[in-house]
Amino acid sequence: MSAPHQYHQPNAPDDADSDLELDLEELDPLASSSHSAVSPPRRHSKEQRRPFHELGARIPLRNLRVGRLRGNRRAVANHDAEEEDLRGLIEDDGAGKRDSGGSYGQSGDDDAPLLPTSNTRRRRHDRAPSALSRISSNMRLPGFISSARRPTSPVVQLGEGTLEVEEERDTTSQRTISVGQPQGSRFPANAVSNAKYTPWSFLPRTLYNEFSFFINMYFLLVALSQIIPALRIGYLSTYIAPLAFVISITLGKEALDDIARRRRDAEANSEGYTVLKFEENSIGNGLAPGKSSERKRRKRIRKGDGRSRLTDIEDEEESLSTSKGLTTSTFWETIKPSRSLKVGDVVKLGKDQRVPADMIILKTYSHEAPSSSTAKMNGPDATPTLIGEGTNGGTSSQSSGGEDQAAASGTSGEAFIRTDQLDGETDWKLRLTSPLTQNLEVGEFTRLRIIAGKPDKKVNEFFGTVELQPKRQRQYDPHDQEVQASTAEQAQSAPLNIDNTVWANTVLASSCSVLAVVVYTGPQTRQALSTSPSRSKTGLLEYEINSLTKFLCIFTLSLSFILIALARFRDIEERKWYVSMMRFLILFSTIVPVGLRVNLDMGKSVYAWFIEHDKSISGTVVRTSTIPEDLGRIEYLLSDKTGTLTQNEMEMKKIHVGTVSYANEAMEEVSSYIRQSFTSPPGEMPSLVTPSSVYIAPLTSATRTRREIGSRVRDVVLALALCHNVTPTTEEENGEMVTTYQASSPDEIAIVRWTENVGLRLLQRDRESMTLQSCDTGNIVVRVRILNVFPFTSEGKRMGIVVKFYHGPEASATDEDGEIWFYQKGADTVMTSIVAANDWLEEETANMAREGLRTLVVGRKKMSPQTYLDFMTKHSQASLALHNRDNAVADVVKAYLEHDLELLGVTGVEDKLQRDVKPSLELLRNAGIKIWMLTGDKVETARCVAVSSKLVTRGQYVHTIAKMKRKDLAHDSLDFLRGKTDACLLIDGESLALMLNHYREQFIAIAVQLPAVVACRCSPTQKADIAKLIREYTKKRVCCIGDGGNDVSMIQAADVGVGIVGKEGRQASLAADFSIEQFCYLVKLLVWHGRNSYKRSAKLSQFVIHRGLIISICQTVYSIATAFEPNALYKDWLLVGYSTVYTMAPVFSLVLDRDVDESVANLYPELYAELKTGRSLSYKSFFIWVFVSIYQGSMIQGLSQLLVGVDKDDTAIFKRMVSVSFTVLVMNELIMVAMEVTTWHWIMIASILGTTGIYFGSVPFLSRYFELGYVSSLAFWWKFCVIAAISLVPPYAAKLLGRTLRPPSYRKVRGV
């Protein structure tokens, strides 16, 4: 309790957790960050003349607010008492003998500090106007105090005071983050974006992409030429409308694709996360301002309670009396969408929840830990939800007990995460909290500062610091009788590394809750920095057609020039020769078909519809509809492993104990042995089992061999049940308690699950002990004390554990004189030299490896107490070595433990493959596709999956390059591979980086020839680099397939990116061009849909070129016959109608054609290999169609002019000739379509017959161009039939002859 008023009491600061909280920095802006316990000397006399408003800035808040009330506790009748208290204090300040250090600067300095402060900025709270608030409104608050909170900034010393200088921070450099508070710098929004365009960049980028195609630029120039009167031929719309239509269709498709991407991104960005909101305890009741305490206070005032102010203070004192002090801030939970998360936000994550941004873990707590009742989210009267704390924001006695209990229930600052979506590694990663933050109350998080480096793409590296600022003393009370020596509280700091981080797109695997602070958001996360930006993809067919249209343009130019040359460059119709040549170019513009892009784009939409509506690959989504033809031209398939080829679900398949092997149904025999081993004989007290316990065999199987096998089985199962880093956790699911296991390796979980299935359950495990339970009897059968654990490392490839067994009856078990055993399991490559000599290990591990199983060798060694003591002495000494510590420790372990181990057995664990992966890979390999597997996983794991998935064929040599650091060794490996191009290459990321840095060209030249390549320990950036390298070097189509966030860069770098909708997220499928649900769907996507898309587009483009070329040849023949005058043969509607209404539907119906059935395509994957040669649309096939067009155009127009005659424009003969030639031209195109169809579809028949009906039905309306009387005469029809026959029969006869002499492959397999 405070003493009565003693204004002359020496400087004695209050407890830091006082009850009355107004922001002291607002009242004492020049306060220093340090505070002296010694009373300051007398102030200089100049301070006596300070005006009230300046002195108000120096009055401690507790004096102002409580004043004399605390001394005599009298009731105050009216609200002006506050002002009287203040005035009394200020007037009393004039007394010459006053010696309170609370109100004056030290060493006579006017600007010296009053109380200790920190750099923390506090939120200002609105209060009712009072004398105090009026005085504080007149205070001279420097701008940097009154502004919003900012992070720690450089400090400039001015005398003994300090002045903070805020500088504009470059967010790409080192950053200081205030936890739970707004930041002083702007950071990017936490939004995922796979969109290619913004609303501003859409038109410029799409128009640039469109007009970068020669065909579109050509037609733009043709359309613009119609503005010039001398070059105008017919209506301007004849040339403008088709181009505008083409561009509109393409832009519309791109827009729809991008809108769909944005919708998917919005769905991912709107995922809700629980965020802790902090507010400073400014009224001292431990509740957020504006909450229930404020309600109660207003209620009392409304009732007319004159003692309201005093009652408030008494309430605060009462609150203080039951607590050690208030926390700095009060907090409550709120839900925020992922996109709204900001740097500094504290996010609460639960099991199986995706991490939305790069974060630092601050605190973990198990669900068994007691926590207060959940607050009503965002409710106006909601009390804050405190996590593992008391309910009043203070550290009440109840909350302290709760925290102790929480600690006892496993709040150890550990959490497991799954990173396979980030780096492709299947092992769970252990993440730790810093002890500084783990032991800190959540209400104190606002005192934390995180110092982190600039954003970086290295997913396995992080360096930072966490600082805990000194707790600010909010109140100063010179009335307390206790004089507390105030020592300046120092800021605490602790280092941060990769173990304290959780990166975006990883998943929390532990069944605990985690509080983490956001450090990097959006484009600055490790995931985003490792991801390539989206690019617009263009199919190979489009590039081929682009080059063909250049030939057509050269042909047009040559034709125009030849006609002008034949006219001897004379003026035609008073036009200069070059003007006439330009008119010819425009007349022949149909040779370069403007409708080709429209037809192909519409065809792509049809292919996409077929793919998405194929029920056998349900769930497939086409996200980029511009490249379906490329599915039929793939030469290299780059696949991820985890989640793509495998399910990332481990299962124990086989165990070998030296003389006998168990697998599948034989596991029942193992269960019977375990049941016998851990069941006490009838009538005896159950006692704990140790390795030395006698194996009791039943009478029915008392042969010596059975007893020996039973004993060996018991020993190996016991070893597997003890030698691991697995922790069991119990959770409630659907009203039932379910035990789940947590470990850094799925292999270990698979083995522990297997031991449970055969009868030995891991019941409990902590850092000091482990308990095993019999699944049959439910009795505890084994209890050990863990003495040492040697964790698995990628270098050591083994893990070991030293345990001491309890013995005796379970109720009175003791470990005194208990047996000490060392158990170890590891890869056969390292364990062969550790275990005792044997004759079966190498053979068995090789057999399991051939089956694609991940092998682990298990051994044990018994240690005497003295040997163990010697080991611990040497181990402790080695652990303290300053140089080569790791080597020294390894030497001690090797000398005492790792030699002559008793070999117990070998286990084989299978990483389950996705459905139909083996036949799918085999079929793709037979289709001529070279398959690369790129994974972030370990070398051994990658090798096992490559074998089990049949990526590596039986007997194929696997050349392994791992941990290569020297250039000369790399050169030797390349020389070896040059002479063995049938080998599979297995290379790790480190060696790959060396190859790409020093032997880039040589390496890729050899690697692309190999039938299979497996690259492991690959970073996301390396995956993308490999895809780009293959594309650039081979100029072939590369397809990349993956399911994780770590595959996004690779998918976007590929010509065709395929994403699998994975269990851990949809990021890969969102960024991909095609999204599928299973790997086996890729086969149908490539071999069937890819084949059809390419073949159909090739045929469609040839017909569109033929359609434009034949009408231009007719124009040429007519121009030659009319003395080279550049006048149109077919004008206006005839020209537009020919390429649209009269031919478009039949030509476009070719997108429904198919040359083989699906069963044949799957049965003969070699048919796919033919597509890669590009013969369907090659220069050879193109020139064949050009010659056919020239022949048919010459025959149609030449014979029409011979049989009907030729004359100038708009004469009767001209109209007759046009009516014959145009009718033959249209019918010729329809019949040519029918001749090229391989498999008829009813839509094809309907389109041909329907178009024929439309044409003849429109003839009566073409009197402007035709002579209708002549069309109905017999002369018209016999001439029509003769010309059509001469035009069609020779090409068809040549086609039949070619099929007979050199039938294509598809006709061979169809037998037709």
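The backbone N, Cα and C atoms fix where each Cβ goes, and this holds for glycine too.
TrEMBL labels come from automatic prediction, so no person has curated them.
Predicted, not measured: the structure shown is a model, and the values here were computed from it.
What TrEMBL annotates here:
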type     : residues                                                                                                           : note
ACT_SITE : ASP640                                                                                                             : active site, 4-aspartylphosphate intermediate
BINDING  : ASP640, THR642, ASP1043, ASP1047                                                                                   : Mg(2+) binding site
BINDING  : ASP640, LYS641, THR642, GLU748, PHE792, LYS825, ARG854, THR935, GLY936, ASP937, ARG1017, LYS1023, ASN1046, ASP1047 : ATP binding site
COMPBIAS : 86-100                                                                                                             : compositional bias 'Basic and acidic residues'
COMPBIAS : 303-312                                                                                                            : compositional bias 'Basic and acidic residues'
DOMAIN   : 184-236                                                                                                            : domain 'P-type ATPase N-terminal'
DOMAIN   : 1070-1303                                                                                                          : domain 'P-type ATPase C-terminal'
REGION   : 1-56                                                                                                               : region 'Disordered'
REGION   : 78-133                                                                                                             : region 'Disordered'
REGION   : 286-324                                                                                                            : region 'Disordered'
REGION   : 369-419                                                                                                            : region 'Disordered'
REGION   : 470-491                                                                                                            : region 'Disordered'
TRANSMEM : 551-569                                                                                                            : transmembrane segment
TRANSMEM : 581-600                                                                                                            : transmembrane segment
TRANSMEM : 1182-1204                                                                                                          : transmembrane segment
TRANSMEM : 1216-1235                                                                                                          : transmembrane segment
TRANSMEM : 1242-1263                                                                                                          : transmembrane segment
TRANSMEM : 1275-1298                                                                                                          : transmembrane segment
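ARG854 (ATP binding site) has THR642 as its nearest neighbour among the recorded positions ASP640, THR642, ASP1043, going by CA to CA distance. Stretch with the largest number of CB pairs closer than 8 A to the transmembrane segment (1216-1235), among 551-569, 581-600, 1182-1204, 1275-1298: 1275-1298. If you draw a 10 Å sphere around the CB of ASP1043 (Mg(2+) binding site), it holds 33 other CB atoms from the protein chains shown. For the pair THR642 (Mg(2+) binding site) and GLY936 (ATP binding site), the C-alpha distance works out to 9 angstrom. Considering only the binding-site residues GLY936, ARG1017, ASP1043, ASN1046, the residues lying within 10 A of the residue listed as 'active site, 4-aspartylphosphate intermediate' on a C-alpha to C-alpha basis are GLY936, ASP1043, ASN1046. Under DSSP, the residues of the domain 'P-type ATPase N-terminal' (184-236) split into helix, strand and coil as follows: 25 helix, 0 strand, 28 coil. Taking every pair among ASP640, LYS641, THR642, GLU748, PHE792, LYS825, ARG854, THR935, GLY936, ASP937, ARG1017, LYS1023, ASN1046, ASP1047, the residues recorded as binding ATP, the greatest CA to CA distance is 32 Å.
For the pair formed by ASP1047 (Mg(2+) binding site) and GLY936 (ATP binding site), distance between Cα atoms is given as 10 Å, rounded to the nearest Å. The Cβ neighbour count for ARG1017 (ATP binding site), using a 10 Å radius and every protein chain shown, is 24.
Once Cβ contacts within 10 Å are tallied over all protein chains shown, the recorded positions ASP640, ASP1047 are led by ASP1047. Cα-Cα distance from PHE792 (ATP binding site) to ASP1043 (Mg(2+) binding site): 27 Å (rounded to the nearest whole number). ARG854 (ATP binding site) is surrounded by 24 other CB atoms, counting those within 10 A of its CB over all protein chains shown. Annotation: ASN1046 carries the greatest number of neighbouring Cβ atoms among the binding-site residues THR642, ASN1046 [cut-off 10 Å, Cβ to Cβ]. You'll find the Cα of ARG1017 (ATP binding site) roughly 17 Å from the Cα of ASP1043 (Mg(2+) binding site).
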